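Structure record follows, encoded as structure tokens.
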């Protein structure tokens, strides 16, 4: 087998990866530069491990200039040291040769940050999503058993070549190895969810802090400078109703963000999840108000302003006290044409998209307001935006005529989640219904701002103010 590596690629990691895949039945590799005729013209050392299928712990034994080394060979479970002359050792066609400079002669490289890629999960275990962690760029494997034959859904996450790059903000940078350890090798049992931006695993840092580790999809096209700009912006955003950024990792093509862990799952889970207890009306209003405050902060108090672009119930997390925390904000590119932080990638979720986005592709804060109005309708009705198991019309089309009648003095009771029965405060529900009716107006121009919605939900402004917005626009 031959491994061809770009300059700077660590061969220890590649061998570790291949060993964990079970391709080799030996416990020792001789590593060096191959010369003419297959001879090792310069030996760097050897790598060995104790289990042919689980490459942990690993050891690197340096050559130290003497052109001889004593690799350990296994004989009935006992390791015996044997002397080998590197210049006389013939490398067979299935041995390794590496196109990279030799390691420093100053001593063995540190194994402090080595993390072995875990072996494939046993049958029956849910595999990680395909393509979640592709191999780092620059590695090509040519062999009868190439990595392409192991690129299916069971491929474990692979460590990238170098640690995170520090930024000028008060945000921790992590190496990929540290995050792999925190998530137990990105164990699928710790997968919290996935969305348009990537996959989220629960992790535990060495200090015991629980975190959510979001591995961004590698096809985002972001370079290092773009990602740095993202982290710079997100790290400056601090609000009670926004999920806080703990740190980041930028290595190879990998882009990983580390957030505070919010323990009580998502609003989507609590509204639509099977077996979830019914949330009372006051708690629904509390969630709606908290989320609105978070979005109002993004729209009006951030510099630059941030348009979320993917507001939905799944992106509103709840803590143990059912306080709303907005997630996935700021995962976009910084636009140079406007003062607003917007994304140039196509995104959003069906059922939440504002009509002007579908027709023009342009986004403003009013697009977020529309999506928030859909979330309000979910809180009011208990219905999903789109019922994929029914031919009925979507939530917006079903609710809009009822909302229009309610705005003209009619009843809104038909909208209310039947699981609530009569156990709800009519004034609280009326405020939510009025805000939803204004937020989902077809014309973005006559929708309210998030700050105006906050005031109405808090009871500091009359619902008539929302009606006046449309008249005065």
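Using N, Cα and C of the backbone, Cβ positions are placed for all residues, glycine too.
The region 'Disordered' annotation in TrEMBL covers 98-136.
Look at TrEMBL and you will find 117-136 tagged as compositional bias 'Pro residues'.
The domain 'Protein kinase' annotation in TrEMBL covers 186-463.
When Cβ atoms from all protein chains are considered, those within 10 Å of residue 214 (ATP binding site) total 24, not counting its own. According to DSSP, residue 214 (ATP binding site) is assigned to a strand segment. Annotated ATP binding site per TrEMBL: 214, in sequence order.
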Integer average pLDDT (0 to 100) for the domain 'Protein kinase' (186-463): 88
